[in-house]
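The following features are taken from TrEMBL:
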- A:CYS96, A:CYS99, A:CYS132, A:CYS135: Zn(2+) binding site (BINDING)
There are 2 protein chains.
Amino acid sequence: MKIIEEFLESKDIRVTAMRLLIYKFLAEKQVAVTLSDIENAFEKADRTTLYRTIKTFEEKDIVHQIGDGTGITKYALCEKGCNCEIETDLHLHFHCNNCNETICLTEHKIPQIKVPDGFVSENVNLVVKGICDKCSGQ
Amino acid sequence: MKIIEEFLESKDIRVTAMRLLIYKFLAEKQVAVTLSDIENAFEKADRTTLYRTIKTFEEKDIVHQIGDGTGITKYALCEKGCNCEIETDLHLHFHCNNCNETICLTEHKIPQIKVPDGFVSENVNLVVKGICDKCSGQ
DNA sequence: CAATAAATGCACTTCCATTGCATTGGTTAT
DNA sequence: ATAACCAATGCAATGGAAGTGCATTTATTG
C-alpha cells in the first residue's frame with residue numbers, strides 16, 4: 001500500500017483513499033474494466049468520482065483506454081512495456097467473445113502497418129477477438 | 001439502379017425506395033458513415049428506418065460495422081475483397097484525426113497476428129489513426 | 001487557525017443505440 | 001379483385017454511457 005502511495009506521488013497524483021482503492025482494484029484485475037465494473041465494485045462511491053479518477057489516471061499516463069468494439073470503453077493499468085503515452089506505441093488487446101473480457105497483451109508487439117501513399121500513421125489500435133485461454137480450456 | 005435492385009434481391013433483401021436510396025448513398029460515399037450522417041442526408045426519413053435498414057444490410061452481409069475509437073459506430077459497404085462475413089477476415093480501417101473520417105483499406109491486408117498459447121483468434125479489428133491523404137496534402 | 005485549492009458527491013444534460021407499438025404498403029392466395 | 005398477411009416504416013419512448021456545473025467536503029499551505 002505504501003508502495004502504491006509512493007508510486008502515485010511519483011506520477012504527480014495526489015493520494016486519497018478512493019484513489020488507492022481504485023488503483024488497487026485495477027491492479028488486482030487481470031483484465032480491462034469498464035466504468036460500470038468499477039461502479040459495481042465501489043457502490044458507496046459516486047460514479048462521477050470514479051469517472052474523474054480514471055480520467056486523472058489517464059492524464060498521468062498510468063491508465064490507458066481501450067475500445068474493444070463492444071461500444072463500451074474499457075480501462076487498464078499501464079504495465080511494464082506499455083508505453084501508451086508514446087503515440088507510436090502499438091496497443092494489442094485481446095477480446096474474448098465468450099466471457100466478454102478484454103486483456104492487455106503488452107508483450108505481444110505487432111509489425112509496423114503499411115498505409116497507402118499520402119496517409120500518415122500516428123497510432124494503431126489492434127484488437128484481436130476470439131476465445132481466451134480460460135474459456136478455451138474448459 | 002436496376003443493378004442495385006437485382007443485387008439486393010440476390011442478397012435476399014426486399015427492395016424498397018428507401019433501401020435503394022440508402023444503398024446508393026453508401027455506395028457514393030468513399031468513407032464509413034455514422035447513422036447521423038445518413039440521417040442528415042435523408043431528413044424526411046425517420047431515424048428508426050435508417051437504423052433498421054443498416055441493421056438489415058448488416059445481417060445480409062453487405063454492410064459492416066466499424067468501431068474507430070470515436071465512440072460512434074460507423075458503417076461501410078462491403079466491397080470486393082471485403083469478406084467480413086468470414087470470421088477470419090482482417091478488417092483494416094484508417095481513421096483521420098484531422099477530418100475525423102474513416103476509410104476502408106480493404107486492399108491492405110495485414111499479417112496473421114500471433115496470440116499466446118490457449119488463446120484462439122477468430123477475428124481481428126485493426127484501426128490505424130493518423131492523417132489521411134486529403135488532409136496531409138494540404 | 002484562516003485561506004485556499006483540490007477532491008468528492010449530487011443533479012442534470014446530452015448523445016447514441018435500441019425497442020414497442022401503431023400504421024402503411026406491398027404480396028399472396030382464394 | 002379483394003381479403004388476409006407479413007414486412008417496412010414512422011412515432012414515441014426507453015436505456016445506457018459519457019460528460020458537465022455547482023455545492024460541499026476534505027486536505028494543504030501560509
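Each residue, glycine too, has its Cβ placed from N, Cα and C.
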Would you say which of the binding-site residues A:CYS96, A:CYS99 has the most Cβ atoms within 10 Å of its own Cβ?
A:CYS96
Can you name every residue in this chain, apart from A:CYS96, A:CYS99, A:CYS132, A:CYS135, with its Cβ inside 8 Å of the center of the Cβ atoms of the recorded Zn(2+) site?
A:ASN97, A:ASN98, A:ASN100, A:GLU101, A:ILE131, A:ASP133, A:LYS134, A:SER136
Find, among the binding-site residues listed as A:CYS132, A:CYS135, the one whose Cβ has the highest number of other Cβ atoms within 10 Å in the structure shown.
A:CYS132
